[in-house]
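Reading through the structure tokens given below for one structure.
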Amino acid sequence: MGKILVQSFLLAIFLQAVAVSAVDIKRLNIWPMPKSVSYGHRSLYLSKDFELKTDGSKYVDASEILKDGFLRLLDVVEAAHVIDSNLSHFDQSVLLKGIHVVVFSPNDELQYGVDESYKFLIPAHGNPVYAHLEAQTIYGALHGLQTFSQLCHFNFTTRVIEVHQVPWTIIDQPRFSYRGLLIDTSRHYQPLPMIKKVIDSMAYAKLNVLHWHIVDSQSFPLEIPSYPKLWDGAYSISERYTMADAAEIVSYAQRRGINVLAEIDVPGHALSWGTGYPSLWPSKDCPEPLDVSNEFTFKVIDGILSDFSKIFKFRFIHLGGDEVNTSCWVITPHIRNWLQKHGMNESEAYQYFVLRAQKIALSHGYEIVNWEETFNNFGNKLSRKTVVHNWLGGGVAEQVVAAGLRCIVSNQDKWYLDHLDITWQEFYMNEPLTNITNPKQQELLIGGEVCMWGEHIDGSDIEQTIWPRAAAAAERLWTPYDNLAKDPRQVTGRLAHFRCLLNQRGVAAAPLAGPGRVAPEEPGSCYMQ
């Protein structure tokens, strides 16, 4: 079906369907809430041979991203119950035969700022009846498939998959281009299958950046071919990721519309580097931050980023820069002498290190993300290609964008998932654009990220610590501001439904009632916990 015909379908359905009011939104079980929704009162049933059609699409799907997305749609829709009904006695007019997907761009490169919009409709009538999904890019189409999956329900009378409230018309696009989740594989190793499960669940909530905090003081689990002793800093020989593993994570995420932001946190948070290369330490007795006086330090950073550039294709690289205690530089004789020779104090050496690391990243084609301490200490010296990552608290984001730099919000008092006392309601109500009213400055606030720091997180509890609170932030980052609930009580039932949907899909999302990672208080329905 051509674009004009699809648009005429959209207009016709929009005019005949019921527009969503504030009251209706409470009853719609879609998460995150789309930009525009209208619906009717009929029901259709998924045909046994529900099919994907792509007539008129400019995207040829050579890499089968769309095909795989369609098969995943069927998997999650059919996973909860066995479909054991014979559809042959159903009237053909109530059978939804398939979905017709038209993607206008032939390009499937995933990068920051890619068009993620889509238009989706299910008509009430047709001969036969097909759902229609239109998107500029394959990644918008994947979001549309995720939304469609939430409209499908198992009917316990007919024993088939039913779509209620037909006709549907959904017009949707994200509010922010950067919607992230951080995982930390240094404090605790996360097995590859668990990382993939996290990526799958991110796609369900339309999050689109996996911030991989790969290494830290405690361990260095990733293979670096240029400096092969670095992963001597892993906890054990088995708690490691090969470069092929890293490439698999990037590919797995990309096929689901998710970028991977790799982080090496320098010069602090890097004690584990010296296990394989002790000369990176100021001294064995004072091993952190990395030795600013040693040229080898910057050769290693260059080697890491050179290896990264072959795997991590996202525009940005995260260079950390937070919580740098420079006292080791002052008390270590050879570094103290170096500082005196170069006329630097310890604060100036911190600036020198960060800016030199930035230049190395730029030489490999990356733009840089740094934690906010770099901005707080020497913001006017940072590369203009820097994105400042706010985490310490409020007020910083408005200063960053006023200075003309881009910003990501992850304020720890609202969006740190390891802070179990932060409720989902607080996650939902955290507004990234607080006190930022200038439209040009608002554009510099590229999005936000919830952070799953790993001190008390491993494969046994990561999912229930992330979900459902991350979903609350996901709606804040996806849904237009005017469509967001002004009181989180308005969305409690809808979020509870999404949490139960995650459970049905094999994601160990915790109950809403209580703090993060809480267990059910007593016997009862999933939807009431």
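Glycine residues also receive a Cβ, built from the backbone N, Cα and C atoms like all the rest.
Note: TrEMBL annotation is automatic and uncurated.
The active site, proton donor annotation in TrEMBL covers E323.
Residues annotated as domain 'Beta-hexosaminidase eukaryotic type N-terminal' in TrEMBL: 30-151. Across the domain 'Beta-hexosaminidase eukaryotic type N-terminal' (30-151), DSSP helix (H, G, I), strand (E, B) and coil residues number 32 helix, 37 strand, 53 coil.
Residues or ranges marked as domain 'Glycoside hydrolase family 20 catalytic' by TrEMBL: 176-480.
TrEMBL lists 1-22 with the feature signal peptide.
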Neighbourhood of E323 (active site, proton donor), C-beta criterion under 8 angstroms, separation at least six: G268, H269, E373
Mean of the pLDDT scores, which run from 0 to 100, over the domain 'Beta-hexosaminidase eukaryotic type N-terminal' (30-151): 96
